[in-house]
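Swiss-Prot has this to say about the protein:
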ACT_SITE  195  active site
ACT_SITE  246  active site, proton donor
ACT_SITE  316  active site
DOMAIN    38-231  domain 'FAD-binding PCMH-type'
């Protein structure tokens, strides 16, 4: 069902909301907003002006219409048939990043540890959070420099690399639910694991920020570690071509890239989608790949690895929208 919004006012339960101050883009190519640089269009894409504007937009969307929150689109594929509902772009909007001065309402710091809390909104790029922490003499967040997405996405999937995960240092979550209610939640309210985070009591809501507790330490050493991690990433990953990072989760006790390479799939290509010759757990767009090319290649890798090794790889990337 199609719903048209008037920019002058938004009808919500209880009356008329303030004027929406953001921008609607109609039939917006999502290839402009995902790191694969491929895929279909969003029927409606909204760029909110700020958090308050986002809240009112969510309250205005009919209950039967899907909402998709997107940051940098670094682990997202939108099928060529496009995506219905409303896509909301958070990167460049929810950008607050600051040392937290308040103590009320936050879990107490562990005894005998000198720590500080950083608040980062969902639209902040993960590498920016890593650099901010290091600049303020805080350690433990360096690995975030290796995550090519936003804080919101990192929290949602418990992103990690180099032996650390996003939820290792989270002490409180800032969320927005489908009713447009802002909440502050504790990590104990979630089930988390490898590339997974979900409320114990399922409820449709999105992460709009998080509070990270980090230890005070040697900021210069932290900045050097970030530089070292980035050098490793540049040397081992195909960053010169459009990609979405790791396509598959590592199975227990093994590596997805090793299994894919062992099956002779490095360099395998469907259309302009190719299994990277540099890192087998990356699929790159070597020209004008379509979302269909990429999805077919993902499925081919899954089927081939399972046939050869009896291991079914689990996807780390998210695919939304309609097939063409």
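Glycine too: its Cβ is placed from the backbone N, Cα and C atoms.
Keep in mind that this is a model prediction, so the values were computed, not measured.
A separation of roughly 7 Å, to the nearest angstrom, links the Cα atoms of the residue listed as 'active site, proton donor' and residue 316 (active site). Sequence-distant contacts of residue 316 (active site), defined as residues of its own chain at least six apart whose C-beta falls under 8 angstroms from its C-beta, comprise 75, 157, 195, 245, 246, 247, 248, 249. Ranking the active-site residues 195, 246 by the number of CB atoms within 10 A of their own CB puts 246 at the top.
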